[in-house]
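Chemist: Sending over a structure as structure tokens; questions will come in a sec.
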Amino acid sequence: MFQFHAGSWESWCCCCLIPADRPWDRGQHWQLEMADTRSVHETRFEAAVKVIQSLPKNGSFQPTNEMMLKFYSFYKQATEGPCKLSRPGFWDPIGRYKWDAWSSLGDMTKEEAMIAYVEEMKKIIETMPMTEKVEELLRVIGPFYEIVEDKKSGRSSDITSVRLEKISKCLEDLGNVLTSTPNAKTVNGKAESSDSGAESEEEEAQEEVKGAEQSDNDKKMMKKSADHKNLEVIVTNGYDKDGFVQDIQNDIHASSSLNGRSTEEVKPIDENLGQTGKSAVCIHQDINDDHVEDVTGIQHLTSDSDSEVYCDSMEQFGQEESLDSFTSNNGPFQYYLGGHSSQPMENSGFREDIQVPPGNGNIGNMQVVAVEGKGEVKHGGEDGRNNSGAPHREKRGGETDEFSNVRRGRGHRMQHLSEGTKGRQVGSGGDGERWGSDRGSRGSLNEQIALVLMRLQEDMQNVLQRLQKLETLTALQAKSSTSTLQTAPQPTSQRPSWWPFEMSPGVLTFAIIWPFIAQWLVYLYYQRRRRKLN
């Protein structure tokens, strides 16, 4: 083998020194080329054999028996030629398998066996761990996967181009979303940035709910407000249902738009209101969630944090808003129109549901004052309570509950009060819930608490009874054990009171007499022995 390499090296030197185009050297040059090709197959074969021989017995790659038989047969065919040995006996089954694999190759030449050995190695080289021998084999073999890559290059390029196009489209969409102007909410002169995901869903729901966008023109705004924003005055009276409606003019301005699309002003809407009596007046106005009205004077916008009960769930974003809800359980209200508190109007009988068309004229501030602490003023998401003499809760601007605050309540609709129901509370709460009777709810809650306390008390009594039983049982057991110990027969001491020693007199006498008895027994034994000898 080494001679073959030396010959190939000499032939390579000769090829470099002697020109190949001479006619007298063509046969020698052909022989040298054959030697070079044979040397390549041989070097590859040697590298593959080194890889197989370097595999550890307990390594990660474990070839199968069939694979090892193939490598064995190709190796024997490449090194020794065709099989000329006799088949081993039955006592050597492994040798018989090897002989069968080797002899199955027949008259295959050594070069073909080397090539077949290397080809089999190419099939498993990817699953083998990367070692120095494997690196050497790969360097000798060269890039044998180049043809496979050329066949699939067109298809892979098409797939990659399609993927790149999809990725570029996604990036363009993302860039458009990022570069678009963010929505802004303006509440009380302060802008709030809106979340992209939640606000987009909210805007879609709002676009389905509202009919069309409001224009900047005041006349068109008035027409649309007649369709979408009806100002209803709903009056309930538990005592009298007779009365008529007089003109009251309300000036309400839309201060800002919540979604930042447009800032609009709503012209004053005139209302006709009847003569007031002992009843509760509920003013409901259906508006979109995109707008918030400010009532002039002492009325101002309040945030959701002012209310005790509120809800910001996504399901209620698309619902309409109502301006205010003023209810009373059983106490009258006094209304001061135009800011003159010297001219109050007491509640009187009204019709329950009155649709007030817009009229002409304006009024000043409308103040609602609870008389005798019995009235309730509910706003937005706040739920009023009948405090009946309790101190008024201070608001943000230092104002008490005597004045109505207009707040933004999300997701509430027009609520109509029923007549003559005492203790019934109906408010435009932002959480979409309506509380029932305060007394009923408190009563049911008190009953539940009382029931829970009774059950807890019963459980505690049961536990105490069990503890008492256990204590009595343990006490009885302790007493019985002590009594048995006391009643047990104690060993009577045989020692008299005058005896000075610790041991009893009988033990002492036995200890003293025992040596004499032993000596006497020994004496008797020797005496009998002497008699026998004599």
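Any Cβ shown, glycine's included, is placed from N, Cα and C.
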Chemist: Which of the listed residues, Ser156, Ser215, Ser493, has Swiss-Prot annotated as phosphoserine?
Modeler: Ser215
Chemist: Swiss-Prot annotation phosphoserine: which of Ser60, Ser193, Ser255, Ser444 has it?
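Modeler: The phosphoserine feature in Swiss-Prot corresponds to Ser193.
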Chemist: Tell me which residue from Ser54, Ser168, Ser279, Ser341 Swiss-Prot records as phosphoserine.
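Modeler: Annotation hit in Swiss-Prot: Ser279.
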Chemist: Consult Swiss-Prot and report the residue, out of Ser196, Ser262, Ser325, Ser342, annotated as phosphoserine.
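Modeler: Swiss-Prot records phosphoserine at Ser196.
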Chemist: Hey, which of Ser73, Ser104, Ser313 does Swiss-Prot call phosphoserine?
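Modeler: That would be Ser313, per the phosphoserine annotation in Swiss-Prot.
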Chemist: If you check Swiss-Prot for phosphoserine, which of Ser157, Ser200, Ser348 comes up?
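Modeler: Looking at Swiss-Prot, the phosphoserine feature maps to Ser200.
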Chemist: Can you tell me how many other Cβ atoms are located within 10 Å of the Cβ belonging to Lys469 (N6-acetyllysine)?
Modeler: 10
Chemist: Average the pLDDT scores across the coiled coil (447-476) and report the rounded value.
Modeler: 93
